[in-house]
Amino acid sequence: MEPYWIWQQPDWPNFHWQSEALTPLLRECVQTQGQLLGMTGAVTKALNAQNELNALLQNIVTSSAIEGEQLNVGSVRSSLARRLGLERAGDNPVSPRSEGLANLLLDATRHFSQPLTVERLLEWHEWLFPEQVEELFHQHIRVGSLRGDEPMQVVSGRLDRPTVHFEAPPRQGLERQLQTFLDWFEASRHQPGLDPLLRAGIAHFWFVTLHPFDDGNGRLTRTLTDLALAQGEAQAIRFYAMSVSILEDRAGYYRALESTQKATLDITDWLSWFLQTLSRSLHKAMVQIESVLGKARFWQVHRASGLTPEQIKVLNRLFDSSGEGCEHKIRAAQYQTQANVSKATATRHLADLVKKGCLERLPGGGRSTRYRLNTCPK
């Protein structure tokens, strides 16, 4: 019988790929990664800590959102902030859930030199489901243990006629298969000729195909990918969140996995999707850091401009509400609401900000008049 799933191939898991098709994508990712690191070098230590917090927060929240779970963002931020020494950023109460997720991602991205073992994976799984052992037991989810004997399938559609998108390898032999993966993961860190970014893509695909747990496989796969990326470049991973770009192309993510899991051991298409998504993540991080640098330059110019607290508040809000450079805009009515001032005061404040070069007045008149941040003051 012809193999249907990739793990049924006789040579599984001896993956191969077409290097010539991936070389341009790899080059683009490496160059962008270097540019990102260069930009972070121009940012103060305090701002870099804030950027790291934001990237970690985005990674955790969006990785759960990929699976359809909405987290309490404030709680996760507080758990991360405390661990990063940013106590003031943690104004929201933490929860066992947020504490576990913070432990999980920081263990992967900060303790990347430690070997990945079965015991470490089981601990990750427990962090993913804290204080839910009793509840999940009734749902046949074994927290901190490998999956049970039931067939592991990803399905959709009607209960009587489901569509099977994926079926994992049988439970029998899972320990051996998982150990084979872990042995490769450790040995491949120093494998000549294997690019660290390709290694991360291979690890992502291999682990999620094994599907070793009853639940949480996707989130642990993305955490493991962050670990692999951190092992390849320990600094850059602190400032970008690949799960954000995966969520934006969630349908493409599942299509890429499904088509490769039903194919031969040539995983070129999957690696191509992975590298393109990684590239988008790196570019997003660069835009965000450029916004931070622009804000720092702006206040360096205007630190002695004699602005009111209301003006400073609105300007900071304009910077923080968007990462699109010079596209931060506001109307008089919006200023009035945000600054909590009268209409006359809002008009006067805006005119003063234009005069001092903080804002530019855009063409148009009356109530529709808009003002834009002048992020390139002369």
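Just so you know, glycine gets a Cβ as well, placed from its N, Cα and C.
Going by TrEMBL, these are the annotated features:
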| type | residues | note |
| --- | --- | --- |
| ACT_SITE | H211 | active site |
| BINDING | D215, G216, N217, G218, R219, L220, T221, R222, Y253, Y254 | ATP binding site |
| DOMAIN | 116-276 | domain 'Fido' |
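Features as recorded by TrEMBL, highlighted on the structure.
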residue: H211; record: active site; DSSP (3 states): coil
residue: N217; record: ATP binding site; DSSP (3 states): helix
residue: Y253; record: ATP binding site; DSSP (3 states): helix
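Residues D215, G216, N217, G218, R219, L220, T221, R222, Y253, Y254, recorded as contacting ATP, have a largest CA-CA distance of 18 Å. N217 (ATP binding site) counts 21 other C-beta atoms within 10 Å of its own C-beta, drawing on all protein chains shown. If you take the Cα of N217 (ATP binding site) and the Cα of H211 (active site), they are about 6 angstrom apart, rounded to a whole number. For H211 (active site), the binding-site residues whose C-alpha atoms fall inside a 10 Å radius of its own C-alpha are T221, out of R219, T221, Y253. Within 10 Å of the Cβ of Y253 (ATP binding site) there are 19 other Cβ atoms, across all protein chains. When pLDDT is averaged over the domain 'Fido' (116-276), the result is 93. Here the Cβ of D215 (ATP binding site) has 19 other Cβ atoms within 10 Å, regardless of which shown protein chain they belong to. Around the Cβ of R219 (ATP binding site), the same chain contributes S63, S64, I66, E67, L128, each under 8 angstroms and 6 or more positions distant in sequence.
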